[in-house]
Amino acid sequence: MNTLNQQYEEKVRPCIDLIDSLRSLGVEKDLALPAIAVIGDQSSGKSSVLEALSGVALPRGSGIVTRCPLELKMKRKKEGEEWYGKISYQDYEEEIEVPADVEKKIREAQDKMAGNGVEIADDLISLEIASPDVPDLTLIALPGIARVAVKKQPENIGDQIKRLIQKFIKKQETINLVVVPCNMDIATTEALKMAQEVDPDGERTLVILTKPDLVKKGTEETVIDIVHNEVIHLKKGYMIVKCRGQKEITEKVSLPEAIEREKAFFKDHAYFHTLYNDGHATVPKLAEKLTLGLVHHIERSLPRLEEQIEEKLEQTRAELERYGNGPPTDPAEKLVFLTDKVTAFTQDAIRLTTGEELKCGDGLNVFSTLRTEFMKWNAHLNHLGEIFGKRIEREVAQYEEKYRGRELPSFINYKTFEVIAKEQIKQLEELAVKRLKNIGDAVMKVFIQLAKSSFTGFPNLLEKAMTKINYIKNRNESTAESMLRTQFKMELLVYSQDRTYSSSLSDRKREEQQREVDSDQGSVISDNEERSIVYSTDNHATLQELMVHLKSYYKIASQRLADQIPMVIRYQMLQQSAIQLQREMMQVLQDKEKSEVLLKEDFDIGSKRAAFQCRLERLMKARRFLTEF
């Protein structure tokens, strides 16, 4: 049946075996493999084509016959060797003794996977046939496209089937084999429409025309034009076959005899003999074309397949590293495992305070948050200083009325200066405490994220760490608040080194003088205005001087607070929190009886780790297969 020469035949089987081996490993769960998917409308002759290729009877009948994807693996044996069959699905595998049992075994498999009815399932049934009469070829047969639901079928059975077909044919690695009866208008065939949607350029679509004996007289030339690629152009083209009809099945015409009848039909046909002569007709020619096409497709796909396997291996290793190792079963090893987990977490907590790279919690950086918050605090101090200065300038008269005592004009009362300075600085206290609480929440959030990264899959251990983090945060926040309030009590002493204050005062006076010069330039002052200014200067000299002193001192105090408040917050909420967290978590290790509870793993995490481990193993095997190919 196979007309390939010996030299090429030696190349065919290894190529197809390679992909079959990868598929049997389950690699198709991870990436798309080169394949040929067979699709067609119901009663298009799809089963007949597969029967003719495989030499065994497959489920037939009206309605949905193929209810699960059927992987048909055909292996050509040497002349004289015995027929061999095997069916496998899910975790079940069974050898088939005689070809006559194949149909029954497929029906049994479909019933187990899709139920005893008319439902469909996505799971693959694998049928392996080895015989001298089959080509080296692997096909995946998909359910026939149903237009309307019948009997006990779900109303959306058509949509279900289309979704299943789409899952296979949309992959760029799949050659779409579309079966269309000759007596149907090819342009309206649902199967071809679906193939064109995913392959608009016809790069990977091959059409098989069936039932040529049912072609109406006068339309033969149209069929010939279609096969010659003159109606709907497809790069892989068209083939035409004549398989056993129902009459021949009833008459028990054997498949080998049907092949001979097909050959005679095309050779003797008044119109279709040209298709036979061109190599576009008969099942053997189809088998040859498919085998050659699949091998060529596999060879072209191998480089990309190798790349995909390497990419998937890298991703899988990263996932396994993220989930970490599962807890050991030995009690002594469990304690070591727990100690390592906790130690790694606390060391990362310390690293957070120094900005070093973490083992867990990639991307966590508390300093970006601290820097932003502290910059806001500094900006807030500057903004309030500007408001304070403008308010003093605006309310000079009110300040004189409120604070001036028995002193004569031009005398500065230190008590007045002190009261105003204290009043302004006191307003900053609650703002500093609010900043503390904001930063405390942000730091706690980072520590919790670190705990989640470190204790993935161990909910009890994570809960214990989060409890400790929350407790330490509240305790240190209280301590930090006390320190901040003490700082503000000290600020009410109104103090600065003489040299520092004198320097600030000189700078401020120069700024004020320059501002007056700038405002006076270009203005013409009348005699009355001049007298008014003199009077104002005499009347408010004290407050003008006081304003300069207040601005100078506020600058010193705000600079001090701009540094001191962040230092207190960082020391208590970050440095001390990390050290105390390390101490508290190490105390957890002292209670050895609770290690069992702490290491109780989340079921989902354990199953995901196992799944990733299985994926890693099959990808490693797949890479080895490709390397050895």
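Quick reminder: no glycine exception, Cβ is built from N, Cα and C everywhere.
According to Swiss-Prot, the protein has these features:
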DOMAIN    30-303  domain 'Dynamin-type G'
REGION    40-47  region 'G1 motif'
BINDING   40-47, 141-145, 210-213  GTP binding site
REGION    141-144  region 'G3 motif'
REGION    210-213  region 'G4 motif'
REGION    242-245  region 'G5 motif'
REGION    504-523  region 'Disordered'
COMPBIAS  506-518  compositional bias 'Basic and acidic residues'
DOMAIN    543-629  domain 'GED'
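The binding-site residues under consideration are Leu142, Ile145. Their Cβ neighbour counts within 10 Å are lowest for Ile145. Tertiary neighbourhood of the region 'G3 motif' (141-144): same-chain residues 37-44, 46-47, 50, 64-70, 72, 120, 161, 164-165, 168, selected by CB-CB distance under 8 Å and a gap of 6+ residues from either end.
Long-range Cβ contacts of Lys46 (GTP binding site) within its own chain (separation 6+, distance under 8 Å): Val38, Ile39, Gly40, Thr66, Ala141, Gly144, Val179.
Neighbour counts of Cβ atoms within 10 Å were compared for the binding-site residues Gly40, Pro212, and the top value is held by Gly40. According to DSSP, Lys46 (GTP binding site) is assigned to a helical segment. With helix defined as DSSP H, G or I and strand as E or B, the domain 'GED' (543-629) counts 79 helix, 0 strand, 8 coil. Counting residues per DSSP class in helix, strand and coil order gives 2 helix, 1 strand, 1 coil for the region 'G4 motif' (210-213). Just so you know, the Cβ of Ser43 (GTP binding site) picks up 16 other Cβ atoms within 10 Å once every protein chain is counted. Confidence across the region 'G1 motif' (40-47), taken as the mean pLDDT and rounded to a whole number, stands at 87.
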